[in-house]
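Chemist: The structure follows.
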């Protein structure tokens, strides 16, 4: 190493030179080759090598999923002491007693006997099924599957015998019958029923009964107490108000939240009121003292909805942090954190029949946690589920979440839904419209658009929440014009004065 000091008038500059280690040409070429090899040898597009154990597990799972109904079929003893089709008239096209029931599959593509079975000399051998074996197979199948396979089974037997060298003629149509549930029924004589749409049930129309004012902001949530004496609302003015249900008068105002109150719920098992808001807080109020007695901490952003489990002391909340949390009411412990959503979880519902919690997001997705599904707001009725968004209202079944039908026509963003035991489904939208539907048929029998409160803009007519009281004689809505509206059935309406204007639409139950 060489150190050179260059001295100028006022500046001293130091240059440090370090000897470079010299390598032979062979070493440098070898290093270049190694770098090139490391760069191009890893072919990421190549498939992963097959793991034998994983492949066996995969094939076993596929066998259980696709062939579980026939994996354990009864073993049939096919004797050679009688003709295969001796019990049927005109059986010239069936094998005779001296025929060999085994034959070799011919053609360009032989096939194994099942998935995951290697094609060998043994697996290419197939046994001719006897007619008795076909009948026993039909008996072992479920009735619906046996009906679907009736014609296919008969044709398949003829095809097999033709391949085996049997006669080309097929038996008479009347000679093929299928046994279902111990009886004999000719599949060609079964008449198909024409598709029909059930006629909707008549429901009395609803009319505006009372308008309640008092909040200074958008009314965002409603809950009715179990005794049906009063109801509670939460609003954008950060207050919770309790109203007399019969008179509509204000009974009590509760303050404590520092932002919009988005959800309220009244317990049926204790004198507690629960509330949540955009301040990330979940509060438990003791209604005997009108004070907050518990806080449930854990959400990282605004809490948009809550619900109480009908049978156990569990509270479920959902939030903008894309989670739903299950709380023990007494100990305030966060029992479960239910993740899976990638966007704001806007609504949550509990049900007593199954250990399932339904959550919905702002991005048109609904989940049955512990199951999986699609859409937004949820209400439960007769073990089915309705969800609504900007495109449609959809109905689903519990507990597997199968799609039932679309309820089309409410062309707005659905914010709230409610259903009563008479089968009346109510949907409230951003534009202030309320549609009433017959649950079973999806018939829209009434549309309501109430006027906004004097002094409000016409655009302030959105419906944020709706709920039936426990007598189901009154419908309560929370609206953007800072009012609470109460509707009731028209007692003077009859089927003659308000007939059902319904026409059957066979293609209504389409998938999308």
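In case you wondered, yes, glycine gets a Cβ from its N, Cα and C as well.
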Chemist: Which range, 161-188, 189-216, 217-244, does TrEMBL list as region 'Disordered'?
Modeler: 161-188
Chemist: Mind checking which residues of the chain, 6+ beyond the ends of the repeat 'WD' (254-295), have their Cβ under 8 Å from one of its Cβ atoms?
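Modeler: Same-chain contacts beyond the ends: 217-218, 220-226, 232-236, 238-242, 301-308, 310, 313, 315, 317, 319, 327, 329, 332.
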Chemist: Please work out the helix, strand and coil residue numbers for the repeat 'WD' (212-253) from the DSSP assignment.
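Modeler: Taking the repeat 'WD' (212-253) as a whole: 0 helix, 24 strand, 18 coil.
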